[in-house]
Amino acid sequence: MLAGRAARTCALLALCLLGSGAQDFGPTRFICTSVPVDADMCAASVAAGGAEELRSNVLQLRETVLQQKETILSQKETIRELTTKLGRCESQSTLDSGPGEARSGGGRKQPGSGKNTMGDLSRTPAAETLSQLGQTLQSLKTRLENLEQYSRLNSSSQTNSLKDLLQSKIDDLERQVLSRVNTLEEGKGGPKNDTEERAKIESALTSLHQRISELEKGQKDNRPGDKFQLTFPLRTNYMYAKVKKSLPEMYAFTVCMWLKSSAAPGVGTPFSYAVPGQANELVLIEWGNNPMEILINDKVAKLPFVINDGKWHHICVTWTTRDGVWEAYQDGTQGGNGENLAPYHPIKPQGVLVLGQEQDTLGGGFDATQAFVGELAHFNIWDRKLTPGEVYNLATCSSKALSGNVIAWAESQIEIFGGATKWTFEACRQIN
């Protein structure tokens, strides 16, 4: 009798289980359990199933908590390691960033811009530090060559003697840098020796930089206002020059300049003119592997210029609003022309004219990847289309060469920022 009752109990329990789920979970399995005779067998089975589910959930939560504890411990260990490394880096940065350093290209970085500066100096590896010192030496040598050119033009024996003294100092510094590079390659020298050697070299560089700056200041006081060039030695988002004057409304223009660059890929942006509501009102740019382009009201024409060979080149672009006709000249010869470039759109007035950077906003929003790297001089703008003969006179430094009637190249009208420099330059005397 008891066996029959147990069989009926299992059968009823199976029916309850089958009736409580609508999904098919595969082959049916029967579970027998002891329950009182007068108990509700279906309710008992459901309660048992709920208890099993709760037990399973508790086990899963326990496993999750254990895994999270392990993760937290691992992350704490990682944080300790990173904190230690950061402390070492900060200590090394403090040693490397002494007050007597002479660094080319400035060291300033615009906060919050989110742009790549690409010109900040490395603060950790000794080899990269020596590379930066080498760049500084090269920059000082170039400035010295300009002083030498100036002394030849003015036949000053005092300037010549100073030039010889500075050249001797530069030669000594080059020997010190070369010796330090050889020591690094042989694996000699510890961190203390590195710091001491670098301090000596940078102290000499600082002294040399100050002396050349003094000579250049005296040179600037004596040179004509248009006999200068701008130099942008590094691709950064903070090195640029600004023209104090703005442009009037123009229905035609000619823009000409001397350029020298060996930057690759792309020489960057020699100049950009932005107005409220249009950052690309007038832009000359070559970036990436694209050819040089002229933008007017954000409309583009590709130009046939090839100028990144490290030599001086004279370039001009003319444009008229009627049919958007344009012409491009390199070294006095027309190399390309076209039409339908922003036709019937006059150049808007009251904008900001920047040399060396492309503007994403009015007067700012610079991007290092589009910055100009090289040298620029005799930037002039006219409010008309120059003739081929007039362009040729400019490229050959003829006595008949004209100055821009809208923007004329004058040192007093150019402000420099972020480490850009002004050096003496005379077109056709220093060409290549």
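Heads up, the Cβ atoms here are built off N, Cα and C, so glycines get one too.
Annotated Ca(2+) 1 binding site per Swiss-Prot: Asn280, Glu358, Gln359, Asp360, in sequence order, evidence recorded as similarity to another entry. In the three-state DSSP scheme, Gln359 (Ca(2+) 1 binding site) is classed as coil. Neighbour count (other Cβ atoms within 10 Å of the Cβ, all protein chains): 25 for Gln359 (Ca(2+) 1 binding site).
There are 15 other Cβ atoms within 10 Å of the Cβ belonging to Asp360 (Ca(2+) 1 binding site). Sequence annotations record features per position, and here Swiss-Prot assigns Ca(2+) 2 binding site to Glu358, Asp360, Gln370.
For Cys256-Cys316, the entry in Swiss-Prot reads disulfide bond, with the evidence type sequence analysis. Around the Cβ of Cys256 (disulfide bond), the number of neighbouring Cβ atoms within 10 Å comes to 24. According to its DSSP assignment, Cys256 (disulfide bond) is in a strand.
Swiss-Prot lists 226-428 with the feature domain 'Pentraxin (PTX)'.
Per Swiss-Prot, N-linked glycosylation site is recorded for Asn154 (among others), and the stated evidence type is sequence analysis.
As annotated by Swiss-Prot, N-linked glycosylation site applies to Asn193 (among others), with the evidence given as sequence analysis.
The region 'Disordered' annotation in Swiss-Prot covers 88-122.
What Swiss-Prot records for 1-22 is signal peptide, and it gives sequence analysis as the kind of evidence.
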Return the average pLDDT for the domain 'Pentraxin (PTX)' (226-428) as a whole number.
95
So of Asn280, Gln370, which of the binding-site residues has the fewest other Cβ atoms within 10 Å around its own Cβ?
Asn280
Starting from the Cβ of Cys316 (disulfide bond), draw a 10 Å sphere and report how many other Cβ atoms land inside it.
24
What three-state class does DSSP give Gln370 (Ca(2+) 2 binding site)?
helix
